[in-house]
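Pulled from TrEMBL:
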- 27-51: transmembrane segment (TRANSMEM)
- 43-294: domain 'G-protein coupled receptors family 1 profile' (DOMAIN)
- 63-88: transmembrane segment (TRANSMEM)
- 100-122: transmembrane segment (TRANSMEM)
- 143-165: transmembrane segment (TRANSMEM)
- 199-223: transmembrane segment (TRANSMEM)
- 244-266: transmembrane segment (TRANSMEM)
- 272-294: transmembrane segment (TRANSMEM)
Amino acid sequence: MDLQNSTKPKPPVVWLTGFPGMESSHILISIPFCSMYIISILGNAIILFIIKTDQSLHEPMYIFLSMLAMTDLGLSLSTMPTILGIFWFNARRVSLDACFTQLFFIHSLSFIESSILLAMAFDRLVAIRNPLRYASILTVPRISKMGLAFVFRGVALIFPLPFLLRRHQYCRANVLFHSFCLHQEVMKLACSDITVNSIYGMFVIVSTVGVDSLLILLSYIMILKTVLSIASREERLKALNTCVSHICAVLLFYMPMIGLSVIHRFGKDSPLLIRIFMGYVYLLVPPLMNPVVYSVKTKQIRARIIQIFSK
């Protein structure tokens, strides 16, 4: 009986990476990461609470902001167990099934966030170009349908990835460069041909991030064209000021994502620490900074936060 158990093949696992060579300092390194998670979770939860409890904020702009906050919460909770597990308990060993599950949530939530940022650009475009029709165009039922469409697109495009990855044999030292699982890195661990995964992954990136970023750019070209046609300089600045928070959120999301994708595909000789750092920036900075940016730049939310903490 013992002989049979000893010859039974072990389930494949992957090994995650913290900061190589700095294992003795992982507890200290965990302090800023834990602080980032606390600020991110509390910040996005406060945004959701304020929007839910304040009837004056039940407008399209703030409904989209609440969607963004929920997505950021999901991203934080998706990466927190493995990142803090490595720094606190040196828990680097993860089963392939758990790895596939994590990458499914990370990528689907990332693409849902991309869709929400596109919707927020459309919201600003309608508000500036057609302010009189703003409420009639962006109704609550229409926004709800858009939210469901975002979730469906993100889930439907990422759903095949775990099954495509499961087809492969994993016979190498399955060590990932990050403290979490990403498709573009996990597929490289396979011993068999990954052409299908690579092509499908590129298709998903182009059809989501590529299309969304292009449409956001076109939206802001139209917004800028409209703003420049406004006679009053004060009115132009006021109109542009309503877009500042969204522009910051777009830059915080797309720049790290594009940088990480470029490094994974073309930066094979780049230093390991740069790849690790870019991975953390991509997944930790947007959920951390979005509530900060919107709290600082949005007058209504800032006033409600001050009111809550001054009681």
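Note: Cβ is positioned from N, Cα and C throughout, glycine not excepted.
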**Request:** Would you confirm whether the transmembrane segment (272-294) and the transmembrane segment (143-165) meet the contact rule of 3 or more C-beta pairs below 8 angstroms, pairs 6 or more apart in sequence?
**Result:** no
**Request:** Report, as numbers and ranges, every residue of the chain located at least six residues beyond the transmembrane segment (244-266) whose Cβ falls under 8 Å of a Cβ in that stretch; write 'none' if there are none.
**Result:** 68, 110, 113-114, 117, 120-121, 124, 182, 184-185, 205, 209, 213, 216, 220, 274-275, 278-279, 281-282, 285-286, 289-290, 293-294, 297-298
**Fill in**
Comparing 27-51, 63-88, 100-122, 143-165 for Cβ pairs under 8 Å with the transmembrane segment (199-223), the winner is 100-122
**Model confidence over the domain 'G-protein coupled receptors family 1 profile' (43-294) (mean pLDDT, whole number)** = 92
